[in-house]
Amino acid sequence: MLALGKLLELTLTAHEPAEKTQVTPGGARLRWLGEGALEVRPAESEDCGLDLLLSAGIHGNETAPIELLERLLHGVANGKIKPRARVLFLFGNPAAIRKGERFIEQDINRLFNGRHELSSGFEALRAAELEQFARVFFSKPGRNRLHYDLHTAIRGSKIEQFALYPYKEGRKHSRRELARLAAAGMEAVLLQSKSSITFSAFTYEQLEAEAFTLELGKARPFGQNEQVNLDKLEERLIRIIEATEPENESSLDGLQLFSVSREIIKHSDSFHLHLPADIENFSELSKGYLLAEDLAEMRWVVEEEGARIIFPNPKVKNGLRAGILIVPDSGQRLG
């Protein structure tokens, strides 16, 4: 296997390879771009016109997606996977990956779309670097652009594998992309309705990629991910890389759609979230339930039918989102 296929090993040891470019027997070119960043370019005659960005390790303790990217890269490097798409593999937060921690100083997935310019420290610098990797990768005109940012979570979930689809005014969410997600094993998709500061929101809003945050199960240490079943996703990613997907895929069978009803914003240290600490994502909340309270008698009461909560976190910094209230979506606005 080509040495550059061992990107995870290089990242874990903070090692810079002596040889920055290698070529597979099939003509695919592997190029090391910087720490945790490697581009795969197919032979020119095989190029299908897709640029695929696969990122993992934005949070350093979310290891199952990192291991998945490592398997895919090994497959390319040993010739078992024959790429027809350009692929950029990114390990988002190398320092946190080495420590097995979510982050070093602050959550890097709250520092995109310009937020890093308002901050300082290691993660702010890395967020700017990741944006630049993506900006250069997606700079070629006339090509299809797709970004999957892969995550796992400490919190349990009623729906284990789901995607978040970013928002941009005037742009419709794609039914074709949702069908692709359904085929990849996603059980639900949250259709977002406002701009965000995550990595996938940056590539969707600023770089015109189809982009998604994929939540894939529980976060566990390296080598302990047997219960995180990524078989369908891995199979689909190989088909995307090799350009062997079915044509005109449109079935959304088994895929639940949700939209954001409200975001719960923590305004002060007096904020209190009235939920059990171990509540699972997608837990249903009854109408009339007092969800949260803050200063000046600010109250969040559930008014929506079929409401569910995701990403509840009362420990976030003031001014940030402490939870999202979501409701079922009919999908009538899909493009």
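Numbering starts at 1 and runs along the chain as it is shown here.
Cβ atoms are placed via backbone N, Cα and C, with glycine included.
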Record-annotated Zn(2+) site (Swiss-Prot): member among His15, His116, His147, His151 besides His59, Glu62: His151
Under 8 Å by Cβ from Glu62 (Zn(2+) binding site), same chain, sequence gap 6 or more: Ala56, Arg102, Leu150, His151, Thr152, Ala153, Ala219
Beyond the site residues His59, Glu62, His151: chain residues whose C-beta lies within 8 Å of the centroid, for Zn(2+): Ala56, Gly57, Ile58, Gly60, Asn61, Pro65, Arg102, Leu150, Thr152, Ala153, Ala219
Cβ-Cβ distance under 8 Å to Glu215 (active site), same chain, at least six residues away: His151, Thr152, Ala153, Ser157, Gln161, Phe162, Ala163, Leu164, Asn281
Same-chain residues at least 6 apart in sequence whose Cβ lies under 8 Å from His59 (Zn(2+) binding site): Gly92, Asn93, Ala96, Arg102, Phe103, Asp107, Ile108, Asn109, His151, Ala219
Cβ neighbour count (within 10 Å, all chains shown) around His151 (Zn(2+) binding site): 24
